[in-house]
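Participant: Under the heading compositional bias 'Gly residues', TrEMBL lists 30-41. Feature annotation from TrEMBL assigns compositional bias 'Basic and acidic residues' to 71-80. Annotation comment: TrEMBL describes 128-532 as domain 'Major facilitator superfamily (MFS) profile'. Taken from TrEMBL, the feature region 'Disordered' covers 11-41, 54-86. Summarising the annotation, TrEMBL assigns transmembrane segment to 166-186, 193-213, 219-242, 254-276, 346-367, 474-497, 509-527.
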Amino acid sequence: MLYLLPLSVSCRVPGSPPAPGSRSRRFLDPGGGRGVGDGLGGVRVFRRRALRGTDVRSNTSSSSSSSRKGRHDDARHDGGAGHGGYGDDGDAGALLASVRRLLLSGSAQDDAAAEEDEQGQFPKRWAIVFLCFSAFLLCNMDRVNMSIAILPMSAEFGWNPQTVGLIQSSFFWGYLLTQIAGGIWADTVGGKTVLGFGVIWWSIATALTPVAAKLGLPFLLVTRAFMGIGEGVAMPAMNNILSKWVPVSERSRSLALVYSGMYLGSVTGLAFSPLLIHNFGWPSVFYSFGSLGVFWFSTWASKAYSSPLEDPGISAEEKKLITSQTTGGEPVKEIPWGLILSKPPVWALIVSHFCHNWGTFILLTWMPTYYNQVLKFNLTESGLFCVLPWLTMAVSANFGGWIADTLVSRGLSVTTVRKIMQSIGFLGPAFFLTQLSHIDSPAMAVLCMACSQGTDAFSQSGLYSNHQDIGPRYAGVLLGLSNTAGVLAGVFGTAATGYILQHGSWDDVFKLSVVLYLVGTLVWNLFSTGEKIID
């Protein structure tokens, strides 16, 4: 995915001053100054450093012999550290690597691949981002499967729409309880422990759902609430981890990727749930999805760390890059609640999160029912057509993250960028939801829903990135605080939708969401900021 790469690279000629605003890369210098021709090898090493934006002044300011000696010392150091570097013995591996560099020198893409092969190390901060992405993939897979399974379950157990709304909202009971607690826990203990706990907890609850449903409605409600407890700590823990691992210049892209995991999780869950139900019955969805968390946890426990300072395998260059551009600071020992709650931008986050999540959670939990009842799609079609809006969100979230980081890198203030992106995230869904009452074609209704969700995903570069902007040391707590309001929107919105449908229509459901989107737009643009206000 190309947006993971730097937006620009800084290339310098030996002896020239560094380019303004150049950023160092965290990759290890593969060393290997000895190759086919010492001079050419030096140029190749310099070229790789320049492409990464690494400071090369120490080599260019000294004599040629000192430069070669420095590179040889780096190679010995890398080899001794076990990072795939080559020593001074001129072994066959170093010679082959040099030859490969020469052969691939005509292509920038191939040269980058050769460099990655030499270094033998994927950027660690993006490995952490990818693990968070996969956790959120599982998170929404386990969450949306109920929106599909609820249809055959309702037929089997005789549930009316109000009971269905109660079941769907029970997830948020537990989800609500652990937002602030999860943020405090993550900021004081570390995000690795908290996120690992959350994934295992919700995976077990998912696997136990069929058993609970057959025991009776109270058992099912408790199990779904327990599942919410596990998923409730995930977002604060992730926010804590990324505030320590990801530089500010990559914040929007990293968060967009992680949250796109949620959208792709919805895609995966909605696509595979009907197939599993059709072939193996509705309990198979919960058994199969719940078991995936065990495999994720085994990788997380061995590879992840709460911060780069705790990771013994990270390179010194990468650690320096991350710590110089992040502002996570030392672990939090005390939460300044009075200071936090006295800031208008914090309340802008809280109110906007509530308004945003009202519409989002209604679409998350009720869309299969909408497609089935209004558009007359069958079970399989309902699941498949629900995939399109979430797939659109996954694409547009990453596109929005790239736009946001580009605007910031070109000098636009973070405050302006956050307001632009979140305004799109509010006004876009509001506009497309108002069009649904005028559309008779099922295909156009699905397209309209996809456009609504696609613009909604720009919120990942708006309010969802803002917690780390205004209070990076308390990123977990701030997200827990604002997401508590978001969860309340899920609890009330999901249950209220069932009530509205029993006494009104889908038009009434959408009109209420539009009103809240407009309120959120007003509050956000009046009171939000991208500056740090809590140290």
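Count begins at 1; order follows the chain as displayed.
Just so it is clear, glycine is given a Cβ too, placed from its N, Cα and C backbone atoms.
Mind running through what each feature is packed against?
Facilitator: Beyond the ends of the transmembrane segment (193-213), by six or more residues, the same chain brings 132, 135, 138-139, 142, 145-146, 153, 157, 182, 185-186, 219-220, 222-224, 226-234, 236-238, 240-241, 282-283, 286-287, 289-294, 296-297, 300-301, 304, 306 to within a C-beta distance below 8 angstroms of the stretch.
Non-local neighbours of the transmembrane segment (509-527) in the same chain are 344-345, 347-348, 351-352, 354-356, 358-359, 362, 366, 419, 422-423, 426-427, 429-430, 433-434, 436-437, 462-463, 489, 496-497, 500-501; each lies 6+ residues outside the stretch with a CB under 8 Å from one of its CB atoms.
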Participant: Check the transmembrane segment (219-242) against each of 166-186, 254-276, 346-367, 474-497 and return whichever range has the most CB pairs under 8 Å.
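Facilitator: Ranked by Cβ pairs under 8 Å, first place goes to 166-186.
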Participant: If I count Cβ-Cβ pairs under 8 A between the transmembrane segment (346-367) and each of 166-186, 254-276, 474-497, which range comes out on top?
Facilitator: 474-497
Participant: Looking only at residues six or more beyond either end of the transmembrane segment (254-276), which have a C-beta under 8 A from one in the stretch?
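Facilitator: For the transmembrane segment (254-276), the list is 1, 4, 125-126, 129-130, 132-145, 147-149, 238, 242, 246, 284-285, 288-289, 364, 368, 379-380, 382-384, 386-387, 390-391, 393-395, 397-398, 400-402, 457, 460-461, 464-465.
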